[in-house]
Amino acid sequence: MCNSKPSSASSSLLSCKDKTHISKLETCDTDNPHYSEFRDTDSLDLKRWPSFLEGLEEVKAIGKISGPTAMTGLLMYSRAMISMLFLGYLGELELAGGSLSIGFANITGYSVISGLSMGMEPICGQAYGAKQMKLLGLTLQRTVLLLLSCSVPISFSWLNMRRILLWCGQDEEISSVAQQFLLFAIPDLFLLSLLHPLRIYLRTQNITLPVTYSTAVSVLLHVPLNYLLVVKLEMGVAGVAIAMVLTNLNLVVLLSSFVYFTSVHSDTWVPITIDSLKGWSALLSLAIPTCVSVCLEWWWYEFMIILCGLLANPRATVASMGILIQTTALVYVFPSSLSLGVSTRISNELGAKRPAKARVSMIISLFCAIALGLMAMVFAVLVRHHWGRLFTTDAEILQLTSIALPIVGLCELGNCPQTTGCGVLRGCARPTLGANINLGSFYFVGMPVAILFGFVFKQGFPGLWFGLLAAQATCASLMLCALLRTDWKVQAERAEELTSQTPGKSPPLLPIASSKSRSTSGTEDMMRTMLV
């Protein structure tokens, strides 16, 4: 086995046989009869199960991307916890105001920026597989411009947050603290508009370790920054917000320096011209549904907190919900990293015209996701009587947490495969299908079940989690149905059409399916009929 380096122009972990396979594809002529014979042979691979060695090789390939990505996720999670600790150090009012502002920022800003940035993932991943390197640079420029333009109206909403919160009936003191926090956090929006595309740009080229190292350095500096601004300079809530901004600034500087000084950009760099403002149809057709999908899932948890406030003893239920959401956020790091890894693998393979390899990646990743779900479920059941003690000593909150944790574990059993499935759909450039599945599962199934069990059947706090369980089970089932019916040859053809763009030409609107495949791509139509 001869593996390429992560930063090389070829996909990682390709065997010598695979490289020969690539060279055949590069030199073949589609009008040559041998090309059809090659495609017919490839069709046989699209119907068989991968061998043990193929599966092991794919696990290694996904692990090289997902492993460092998981470490990066854990580091970012620890950064959020450090910020919460310093807010708690300032007092109960500051903790409440900071928590409220972060929730508002998640709904109105961070979810939007994160979701829109992921629209570039299939384009860059497939372009890297197809060796259309200039398309990576052009897509990076377009995505940064898109995110920066979206950050401006979001900033204005943050400037008026106090008025919005008071209109919603929030406490005046807490609203004032939240307004102060967000006022100093506005630069974070513009930094994330650079940071998210940079990370995706590197990951789609199988470059992940430098991102992890840069994140580790930034998080290590996050503690002294908070100490200096909050404790020494006594800047209060503003100090916590400024520390968050400076940490992201450090990360942007470190990643930009890596890209520049290692010449990672040399093959992908496109001069900034008027072309950056043209041909946005393909990017927007992916970014908008991806953003909708991300926002639908993020917003669900905020709605759950609102519903908790309507239950008996809202103080205990809201506190317990906060603990459990922090727990699911920690667990989510692992399926999310697997999702990002498989998205990169599938987009690379489809771009390189290897649909059989993309199918293998899907199969292996789903088995890995099921294993992760089982581990998460066992973990939740085993720690149900002890986990809450890490956050509080209140007996009622501890009781609610211990009752709900096994249900949370069952939710993760569905969440891990469905999150991985979303990664597969992103790699195939099919985010609209993922958005429709999320909409139907969380809001047409999960929300009614949560209200029914929580309030009508008087199950209270656990009833709300039954709603999430119903949503995750539905989402995983629909996602599995869509993936099993995927025509991988069609997806390779779509990838070829997407990556045939060249700088200077406006790309066509990305099709849902090519004209050849309308009879074989009924999954999308079926899902739209069911869920919209």
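Keep in mind that glycine also has a Cβ here, set from the backbone N, Cα and C atoms.
The compositional bias 'Polar residues' feature in Swiss-Prot is assigned to 514-523. Among the features that Swiss-Prot reports, region 'Disordered' is placed at 496-532. The transmembrane segment annotation in Swiss-Prot covers 65-85, 95-115, 136-156, 174-194, 211-231, 235-255, 279-301, 322-342, 363-383, 397-417, 437-457, 464-484 and is backed by sequence analysis.
Counting Cβ pairs closer than 8 Å and at least 6 residues apart in sequence, the transmembrane segment (174-194) and the transmembrane segment (397-417) reach fewer than three and form no contact. Of the candidate ranges 136-156, 322-342, 437-457, 322-342 contributes the most Cβ pairs within a distance under 8 Å of the transmembrane segment (65-85). Residues 300, 304, 307-308, 311, 321, 324, 362, 366, 404, 407-408, 410-415, 417-418, 421-422, 424-425, 433-434, 437-438, 440-442, 445-454, 523-524, 527, 530-531 of the same chain, all 6+ positions outside the transmembrane segment (464-484), place their C-beta atoms under 8 angstroms from a C-beta of that stretch. Counting Cβ pairs closer than 8 Å and at least 6 residues apart in sequence, the transmembrane segment (397-417) and the transmembrane segment (211-231) reach fewer than three and form no contact. Listed stretches 95-115, 322-342, 363-383 were compared with the transmembrane segment (279-301); the greatest number of C-beta pairs under 8 angstroms is found for 95-115. Take the transmembrane segment (322-342) and the stretches 95-115, 136-156, 211-231, 235-255, 363-383: counting Cβ pairs under 8 Å, 363-383 has the most. When each of 95-115, 136-156, 363-383 is scored by its Cβ pairs under 8 Å to the transmembrane segment (235-255), the top-ranked stretch turns out to be 95-115. The list of residues near the transmembrane segment (363-383) in space but at least 6 beyond its ends in sequence, with Cβ under 8 angstroms from a Cβ of it, reads 49-50, 55, 58-59, 62, 327, 331, 334-335, 338, 341-342, 345, 405-406, 408-410, 412-417, 419-421, 423-424, 480, 483.
A Cβ distance under 8 Å defines the sequence-distant neighbours of the transmembrane segment (136-156), meaning residues of its chain 6+ beyond its ends; these are 108-109, 112-113, 116-117, 119-120, 123-124, 127-128, 186, 189-190, 192-194, 196-198, 200-201, 204-205, 265, 268-270, 272, 275-277, 279-280, 283-284, 287, 503. Taking Cβ pairs closer than 8 Å, the transmembrane segment (95-115) reaches residues 83-84, 87-88, 147, 150-151, 154, 157-158, 161, 165, 170, 173-182, 185, 189, 192-193, 196, 237, 240, 287, 290-295, 298-299, 302, 305, 322 in its own chain, all 6 or more past its ends.
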